[in-house]
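Beneath this line is the structure, given in structure tokens, with notes to follow.
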Amino acid sequence: MVEQIKDKLGRPIRDLRLSVTDRCNFRCDYCMPKEVFGDDFVFLPKNELLTFDEMARIAKVYAELGVKKIRITGGEPLMRRDLDVLIAKLNQIDGIEDIGLTTNGLLLKKHGQKLYDAGLRRINVSLDAIDDTLFQSINNCNIKATTILEQIDYATSIGLNVKVNVVIQKGINDDQIIPMLEYFKDKHIEIRFIEFMDVGNDNGWDFSKVVTKDDMLTMIEQHFEIDPVEPKYFGEVAKYYRHKDNGVQFGLITSVSQSFCSTCTRARLSSDGKFYGCLFATVDGFNVKAFIRSGVTDEELKEQFKALWQIRDDRYSDERTAQTVANRQRKKINMNYIGG
């Protein structure tokens, strides 16, 4: 029987984000900049990662507390060996209605069919430019945008439902909004533009680099005829619009200018096995991995997860100002540990 629990701000728990690795084959400046994550950077050893059995056990307990959706993140999750094994395990859990995965897309041709066969049906591909030269400068690994576009075509050809995520930075890739919207509109693929966020400690974020949803919308309305779309469910993070001529939708994610803390229903498990109640959390999350490996029962695990959720009061984006960003004393967990 599913228990209905809420946090201190009255928010239910509906989603679980599982980071399966801290490794990535890109070095995007806003997430894993090359000067920080260089050749000598020490990533987590295998024994510091949760096993697939541990993840499935955690997901099963969370399902009993109301979680219906699971998203697999990283790092780059396709770098975790035998990920299809985890997908298959998660698909067997009662109450889990949706499993998604966020990826940079580079390894979709290599692993996509196995993941589909294991039950994965929905992926988000991160692609911050459609121009090859610009995209190479963003990922810092000489990967062309056309390479990822080919991977996306492959993913759709095998039956995966693909959405594309684009982090927009002022003066870097804001000129990509219109060409990317045009390209994916013609492909009938949903694209979502995300305001640049201050996740982690190494991405050089400040307010001047943010292109707000209103600015994006003004730009888009000069080129396309669109209508707003009503939210589909409580906690939906994107504001959706529909092209009038062919009905294809796109989204704008207002993570800075119009926060959605009040409807956030996500629990997050980092690649090193810690619980966090917020994408912008500090680095002292509850160590679920150590707790599980101490020999606790499922009932003890459930009680711990209940307690963690019921004391949750995170609302970082509601409280974000230039001063709070500058004065934040405690380091936030980096993106490669907690996913997007």
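Each Cβ is built from the backbone N, Cα and C atoms, and glycine gets one as well.
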With Arg17, Thr102, Lys163, Arg266, Ala267, Arg268 listed by Swiss-Prot as GTP-binding, which of these, Arg57, Arg71, Arg242, Arg293, is given for the same site?
Arg71
List the Cα distance (Å, whole number) between Cys31 ([4Fe-4S] cluster 1 binding site) and Cys264 ([4Fe-4S] cluster 2 binding site).
22
Please report the Cα separation of Cys24 ([4Fe-4S] cluster 1 binding site) and Met197 (S-adenosyl-L-methionine binding site) in Å, rounded to an integer.
19
In angstrom units, rounded to an integer, how far apart are the Cα atoms of Cys261 ([4Fe-4S] cluster 2 binding site) and Met197 (S-adenosyl-L-methionine binding site)?
14
Surrounding CB atoms that lie within 10 Å of the CB of Arg266 (GTP binding site), all protein chains:
19
Quick check for the class: what is the C-alpha distance, in angstrom and rounded, between Tyr30 (S-adenosyl-L-methionine binding site) and Lys163 (GTP binding site)?
20
Rounded to an integer, what is the Cα-Cα distance in Å between Met197 (S-adenosyl-L-methionine binding site) and Cys278 ([4Fe-4S] cluster 2 binding site)?
13
Listed in sequence order, residues with CB under 8 A of Arg71 (GTP binding site) and six or more positions away:
Asp15, Leu16, Arg17, Leu18, Ile99, Gly100, Leu101, Thr102, Gly339
